[in-house]
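Structure first, commentary second.
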Amino acid sequence: MLRRELRGSGLPAEAEPIAGEVNPWDTVVEHLQELRRAAGSPSYVTIAERIAARRVEAGWSPHAARVAKSTVYDALRPGRARVNVDFLHEIAEVLGGTGDQVDAWVAASRTSTVAPAPPVAGPSLRQAVILALACLALNLAGRAFVDFFSLPLYLDMVGTAIAAIALGPWRGALVGGATNLLGALGSGLISVPFGLVNIGGALLWGYGVRRAGMARTLPRFFALNLVVAVVCSMIAVPIIVLSLRRDLRVGDDVVTQLIGDTVDTFLLAVGFSNLLTSTGDKVISGFVALVVVTALPAAFRAGVRWVRIP
């Protein structure tokens, strides 16, 4: 059956309600249920058989004309996200109505006053400060965890990613910069210039999610984490090379030693090792942040198109 454009409504034969509005299809379904009651409340099986019979009369093959009872039931239940309006025409016609009635009901439901969903306010200052401090503590705990177990990772940007996504890029940058300033108490002044890496990651995560919509799907978010990894390595490698080699962090020492056996150039070895470490680290940090922010109150995702995690 060819899908017809709804006369007078401008909607295609299969369409979705606008997000944030009362579902307009519920009104249409109620009209159809009233039509069904007026026709003697035939069962869904009977409606399906009547539609199939009309299709056969119109020249359809018996196999193609078949309609499942569940299809009729699904079309006449409230809360539908998508509706095949052509099929609603068929239901109305076997119940003694017309397709024009369905079109009129749909047009009326779309133009009637609907209640928009109230906008979600952003986090309060108190909420933002508490989350920022928690993210800072998480970064420092990650550093301590890696140092204690000598892991080939950093884990000092998980909190940065959370803050950048939930609070915004510059607040995330503040958390990232503070992490390295406080980290200097345990790691020495070598930690301070690496604050640029933390700040760069925060800006990419923050603007990537909140401006570029990179959290709308998991593949897009994965790609964002790869970009963060590459950019962070581009910032970190010059700092590492300009520093004394003995100041390389544990994670880089392990991987650099493996690659350095076959690569003569120290810069190239450091670049490869840092990129490998950074890729794993940023993907882990990013997806941990995604799960955490998803669990936070909706205020921290205000205005952000967010991926649905099953």
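A Cβ is built for glycine as well, from the same backbone N, Cα and C atoms used for every other residue.
Lifted from TrEMBL, the feature list:
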type     : residues : note
TRANSMEM : 153-170  : transmembrane segment
TRANSMEM : 190-209  : transmembrane segment
TRANSMEM : 221-244  : transmembrane segment
TRANSMEM : 283-304  : transmembrane segment
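Residues of the same chain lying 6 or more positions beyond the ends of the transmembrane segment (221-244) and with a Cβ under 8 Å from any Cβ of it are 157, 190, 193-194, 196-197, 200-201, 204-205, 208-209, 212, 214-215, 252, 266-267, 270-271, 274-275, 278-279, 281-283, 285-287, 290, 307. Outside the transmembrane segment (153-170) by six or more residues, the chain places 123, 128, 131-132, 134-140, 142-143, 145-146, 176, 179-180, 183, 197-198, 201-203, 205-207, 209-210, 215, 232, 249, 251, 277-278, 280-282, 284-286, 288-290, 292-293, 296, 300-301, 304 with a CB less than 8 A from a CB of the stretch.
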